[in-house]
Ligand SMILES: [Zn+2]
Ligand SMILES: [Zn+2]
Ligand SMILES: [Zn+2]
Ligand SMILES: [Zn+2]
Ligand SMILES: [Zn+2]
Ligand SMILES: [Zn+2]
Ligand SMILES: [Zn+2]
């Protein structure tokens, strides 16, 4: 069955358009069914993320939602990469929810955004993942090809 | 699935169709509309139109994920994976429901439940979902997925419509050598010729598939042209009539708001200019609006009237039922047990009243659950009377049971009493024997003391005669509770101890 992702994303989009997203999450663009951009911000007063808005890029394969989307933070003039022990400075997110193992097809764009939101909210460490610099320098792979170790589940 | 082009009633293309094409071929009169030639196709057709497999399916399958539902569907009926109402759902061992297709795909990637991550095995861990889910899905109102068809039906009837009746369903071309598909409505009877066969346009040199001919004539054909005598424009010859009727700026026409009172009557292009600011437009719009309102009001009135009558009917029926069931309960209350087996008047009533309606419900094309609460009430009352019957039967059973219990217990009781009496006798004899023994001991001791040896030789053995002589008597039975049943030992004094 072709276009499974398209049909599902169409459903999600019309739901977003009619019900709007939860607070702190905004759809920036969804011009096609391959790549969407969303803005998220943290709702509490966590000083690490205060008054900041972050841009997320979703890339969907044709197998979405059976396969997870590829989600990264995007750096722009007014959209930094949030500091977090599981977010590399090039925007790659290390979250088991987005890996092949942790993903579930009942997830959707909205739920992923909310998970990321709470991942930031719950963080108090002002640091990048170990080996960030090296990783960012060496990394030419697509995020999904990287074999993350989800050794830390309390993110 | 019926074979394609089975000449069923529903399959025949509209009567006008073949004759229309024939008339087009014969005359230059363009058909009034071209909408019929917008290629209808199931949405899947676009993706899978070119069949690669040897076995070409008679029909393309309906894609349930893009069906258009008329009402908002309850969240609980949406598959958590595809977010559309379930299609052939399965329920997993962990109790979650998915479209079979969706859960299969999900388990291909990861063998756990997408919701609670319980390990799952394809098919083995699937169950049939509760019937109530199927019922609810069946009742959803959907639009026919074929483009051009605006048929709406409950989902359970969609397959039948799509497979057998819809004129816009793409079926196999009647020519068995042709691999293309064609809307059922374009299939001509007798179905033998391929509608994809190319024919030459009457007006130009182009070759056009028979099925596309109307579109070609109306829009694409650039055959011999001529100049319009009125406006000087170059017009394709066979479209001249249409040009004069709709497009030519020269002929005089009336303002489109003439129904509102505009008196303008002039050449088309002048009138068109005028129409933009026609003062009667407002009135015209108002009139239109009014007509629309009128129509809505009429519809509503009709609906109201039918609803009102329906309601009254239901009320009457319900009242009648109440009355009857009350009578039924009254009579059964007064009746004795034998009457219980006779048919309950109320259930008889329901049979008469409800069978025809139920038949309608199942055989009708569209389910008319016109009176669900009525139906439920009927069911309820019926169940209630059944309940009453059953509870009476239970009471009866109970009585019967206690009777037979008693009958079985009585002999047991007697045996028990008998046993008790025997134990009493045994007890009696034991006491008697012990007394005798003691007596003997006393005698022996007395005898030894006085050195007289009357009973010394037979110290261990005591004969019955001796016992009698020694006047050791069994205790009298007077104080024993089993006197009435003890027969043998009523006079055991002179006898040996009774057999046990
Ligand atoms: Zn489950
Ligand atoms: Zn599904
Ligand atoms: Zn249809
Ligand atoms: Zn053909
Ligand atoms: Zn032509
Ligand atoms: Zn003209
Ligand atoms: Zn006018």
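In case you wondered, yes, glycine gets a Cβ from its N, Cα and C as well.
Look at TrEMBL and you will find B:1-54, B:311-340, B:443-500 tagged as region 'Disordered'. What TrEMBL records for B:34-54, B:461-471 is compositional bias 'Polar residues'. Here TrEMBL flags B:79-117 as domain 'RING-type'. Marked as domain 'TRAF-type' by TrEMBL: B:160-208, B:215-263. Among the features that TrEMBL reports, zinc finger is placed at B:160-208, B:215-263. Marked as compositional bias 'Low complexity' by TrEMBL: B:446-460. The compositional bias 'Basic and acidic residues' feature in TrEMBL is assigned to B:488-500.
Using DSSP to sort the residues of the domain 'TRAF-type' (B:160-208) gives these counts of helix, strand and coil: 9 helix, 11 strand, 29 coil. Sequence-remote contacts of a segment are chain residues at least 6 beyond its ends whose Cβ falls under 8 Å from one of its Cβ atoms, and for the domain 'RING-type' (B:79-117) they are 64-67, 69, 73, 125-130, 133-134, 137, 140, 155. Regional average pLDDT for the domain 'TRAF-type' (B:215-263) in the model is 82.
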